[in-house]
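According to TrEMBL, the features are:
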ACT_SITE  D197  active site, charge relay system
ACT_SITE  H248  active site, charge relay system
ACT_SITE  S574  active site, charge relay system
DOMAIN    189-615  domain 'Peptidase S8/S53'
DOMAIN    650-761  domain 'C5a peptidase/Subtilisin-like protease SBT2-like Fn3-like'
SIGNAL    1-19  signal peptide
Amino acid sequence: MLVGKVSLVILWTATMALASPSRRGNHKSTTGKRSSFGSGRYLVKLSTQTDMKGSKVPVEQHRQDCNDQIKNLSSDFFGAIKVHNTFNFAYQCSMSVEAMEGFSPIDLADYLGVTGVDVIKVVVHGRGLSFPMPPPVSKLQPKVGFATPWRKNHHPLLLSPSVYRNNSFAPHVESEVHLMHNLGLLGDSNVSVCLVDTGGSEANGVDYTNRRLGEGFGKGFKIVLGHDFVGNDGKHPGPSPYTNCTDHGTHVTGIVGANFDPDFKFSGAAPEVTLGHYRAFACTGQSTEDTIAAALLRAHADGCKVITLSLGGPSAWEDGLVADAASHVTNQGSLVVSSAGNFGTQGLFYGDVPGELPEVLGTAATDLREYPVGYLLDFVDHSFQPIPYFAVYPVKINETLDVCYIPPSITDDPKCNLSTIVLPKGDLKNSLLVLELGQCPHSLVAKWAVANKLRVAMVSFKPEDAQSPLNYYSNHFARGIDYFLIVPHSWVETLIRYYTASRGKLQVSFAAGKRAPVEALANHESGGNMAFYSSYGPTATLEGFGNTLAAPGTNILSTVTVAQGGVGVMSGTSMACPLAAGIAALLFSHRKADNLTPRQVKSLMATTAQPVRISQKPKDAFATVVQQGAGIVSAYRAYIAKTLIEPHSIALGDLEHFKNSHSITLKNTNKFAVTYTLSSTSSQTVTTYDKSASIDINPSGIPRPGIAGAATVAFTPRSLTIPPGQSATFTATFTLPNFSKIDFFRVPVVSGWLLIDSAGDPVPTYRIAYAGVAAGLQIMPVLDSTDVASQSYGIKGLRHPFIMVGNSLDPDALPSTAADVLSDPNKVTSVSRKDGIFVFLRFAMATPYVQVDLVDANTTFIPTIPSNNNLHLAENNSLTGDLRKRPHNPPLFDSVSIVGTAATANELTRDPTDFSHGSGADTSFINFNGMVAVKHPDDPATTSVDKGRPYRLLIRARRMNSNPEFSASYDSWLSPPFQFLD
C-alpha cells in the first residue's frame, strides 16, 4: 500500500566507538553505520586544569578554565581546524571542530587536556511529514529569498480573547485546552516558548510571514526570539529563522501559538505567549548534534521558559551532547519537551533520546476523535446523499464528472490488466476514478491514469489498516494527478453502491465545495486511541519507560508556509510535542503565584493525565504505559490541580533488579485539609516477543497483547489526611505476577497507575504511572542472528553476523550476491591488508559493551551463534566439521585466548526490524586490516598480525543487566577463517 508518513527527525547514534579516534589517537579499525552519514565534525572533549588535579571546583572556576582550554587549543591548531561550536556548561567542556585538508583529527587526541575525540553524530530525517493539500493556484505566493525582511515598525493584530471561546477544535477539546480558552487563559507574553525544530523531509525554520503567526519577526511581533544556525545551504547562519523550503517548522509553531483562524476555526494552544524559533536544519535535510545542542543552549540563554524539540532517535543510553544540554537547561529552569518518536512498528525497547530522558517531557501521539476538515462530493442524482472527502481546500473542478470504477477483478489481480477498462468519454479528463487499491501495483494504476488525462481519483486501501489515515490529506501523493483523494474503505463502498444502483451512469460534482459536517468527520476506527506509529519504551536501562504523556498527533491542522496556502495537515509525535509545550506554557503563565518549577509542571501534567484505552470500547484494557506514558494530557485539570506529587512516575526495573518499594510525597496546596485514599489499576500487559526471546531474537514489531497477569500494589498507609500547605509520604510496595514459562520467555512488561483519590481537591483522582519488566533483561539476545535485514542486500536468507572481503577501490561496497559472503566455517580465505575483512553485525537489543577480538583459527571457543550460520548460502554446503562440538568455553570473559583486540564499543542501541517506512536496515560494520591491540582492549592498535596465519574474528556483545566478568553474559559469533597475504 502507499505508505503514510509522519513527522520526526532521527538522531542516529554512532554505533561503534572506534568510528572515532581513540583517546591515544590511533584507529584499531574502521567502524560505523552503513545507514548513517559522516558529519565531518569531531567533538573534542576537554578536561580543565582543575579537573586534571582531581579536585571538584566551583562551576565558575570550571567555566573559566574551560574557556582557557578552548582558547589555547583553538590557537595552537589555528588553520588546521575550523571551530563550529563550543560547549561550556555545568561541568561539560568540549568543542566541535572540522579538520581542514591535510590534517587528521587524531592528532588532537594527544593534546594536553583532551580526554576524547569523537565523531559527531548526524541528525537525519526519519519519516517525512504527511503532505498537506496545496490550495488553488490563485492563492499560491511567490517564494521569498533567504534574507526575508523582518518587517519592522509593524504592530501585530491583537485578537479579542472572545474569539477563542466556545471553540470545538478537536485537538484542544481532547486535551481540554478549550476549557482554558473559555476562561480567557491564552498565555502570557512574559512566558516564551521556543522551538528547536526539525523539518520533516527537508529543513526547519519558520515562515513567519504567515498572518496567523504575526507576519514578522523580532520585537513587537509574535515570534520575537530566534536564530538561524545553518542557512538554507547549511553554511551561512544568520539572525532570522525564516524559511519556506518546508512546512514542518511553521506547522509546529502554529500548534503552539497561532492566532485564531476564523475560516478553519483553529488556533495555537497558547496564542498570547512569546514565541521563538531556532533553526538547526538546512534545506538539505541534515544537521549535526552539536548544532542541535547549540540551538538548545541558545534558546535557554535567550530566556525561553519552554523549549520544544520535534527530534530524536532510538537510543538506549541517556547520554550524549544533546542529552547533556537538555538536562542542563532543565536544571537551570527551562522545561524541555520532546517528541516520543514515530517508531511504534519497531516494538518495545525503542524509546527516543532526548524524549526518554528523566528531565524531559516526552510526548507520545494519539489519533483524533474527528478529522480536522473535509468537503462534500455531490451527486447529480439528488436521491444519493453526498459523500465526504478529506482535503484542506476543496477540489477546484467545476465540470460534472462521470464515475469510472475499476472493479476488484482488476485491482486484486497482481497482473493488473487495465486495458479492459472502458473509458467513459475516450479518456479520464472528465471522470472521477474510483477504486479499492489491492494487489495491482499502484505505480501501474497511476501511470495508466496519467496517460489517460485523469485529474481526480477517490481511492481506499484494501484491506485498510492503521496506516491509512496518515494518507487522508495526501491529495497530491500521485505525481501527475491533480487530486488523489484517499478516504476510508466504507466511503468508497458507499460510492460503489451508488454506482451499481445507477447502472454505471453515476455523475458527480465538486463545484459547490461545501464543508463536510462535523458528524461526517468522526473517527470511528481509532479516535482517542494511541497512534500506531507512536514509539514504545521502556528504556533499555529501565531508568524510565520512555514517554511522559500523550497528546493528539495524527492529522493535526495548523499553519504551513504561505507558499503552500498557509494551512495544512500533518501527523506525528512532532505534532503532539508542541501541543504539550503550549499547555506547559499556559501553566507557567496562569499559575505564576505558585512559582512552579519545570519538574512540578511536568508532574502536574503527568499526574492529571487521563489513561487511553486500546480501543474505543469503554471496558477494554488501557494501553500499555510504555507507549502512552501517563495518558492523554489535560490542560484544565493540570491548571486547577492543588496536589503536587513527587515522583510522578515509577520505574520498577526488571525481575533481577526489581525495585519493589517506592516512597511518594504528596503536597496539599489547598486551603483546607484533604484526605487521600490510595488504590491501583493496571494497563494491558504486553510481551516483547511473539514466541520467545530465543526463537524470535528481535523484538516483535507489534507487542503481543492481552496476556493474563498484572502487578499488585500494597500501600502504607492506605489513606492519609494532609493539612493545608503540608506534605506527607506513603509507600507503595509492588509484587510482580507469576507468568507461565512460555509467557516469561516472551519478556512481559507490566504497567498501570497508582490512583490517589482526593476528597475535596479540584481534581478528584490523581494518577502515578508505573511500569516494569517481569523477566530478566539478560535473557534477551543482543546480537541479531536472523535474516530480517537480508532484503537490504538482495541476498535471500542472509543472516547477521557475516563477513566479506573488502574492496580498497570501493570501500562502501556491500555484498550483492551470496558468493560475496564468506560462509564456510572451515575454508580459509586469503585477503590483502589494503582490502581487509568487512564484518557486518546488527543488534537485536541494546548492549553495554561489544568487543571484537582476533583469535587463532583453531580456537576451541564455542560461540552462541554458530559460525556456519550462512553455510546455506554456499553452492557446496557440505560441512567437514562442527564448531559446536568443541569443549566448553572458559567461564570468565578474560580467560578466552585471543591474539589481540580489533575493536570495542560501549552503549549501543538496538537496530530496527521494520524497514517499510524508509528507516533503513541499520548494519554496523568493521573494516579489519590486520592491526590489533595486544595489552588492553582500549589500547591503540599498534601490532600487525602475521601474514599467512589463519585467524578468525570473535564478536562478543554483553547482554543487559548481566555480569561482565562471565562468558555466559555475552552473545558471541566466530567468523569463518581468513589469512593475510601481505
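Placed from the backbone N, Cα and C atoms, the Cβ positions cover glycine too.
The DSSP breakdown of the domain 'C5a peptidase/Subtilisin-like protease SBT2-like Fn3-like' (650-761) into helical (H, G, I), extended (E, B) and coil residues amounts to 11 helix, 52 strand, 49 coil. The Cβ of D197 (active site, charge relay system) has 32 neighbouring Cβ atoms from other residues within 10 Å, across all protein chains displayed. When the Cα atoms are compared, S574 (active site, charge relay system) and H248 (active site, charge relay system) turn out to be 9 Å apart. Figure note: comparing Cβ neighbours within 10 Å for the active-site residues H248, S574, the maximum is reached by S574. The two recorded residues, D197 (active site, charge relay system) and H248 (active site, charge relay system), show a Cα separation of 8 Å.
D197 (active site, charge relay system) falls within a strand segment according to DSSP.
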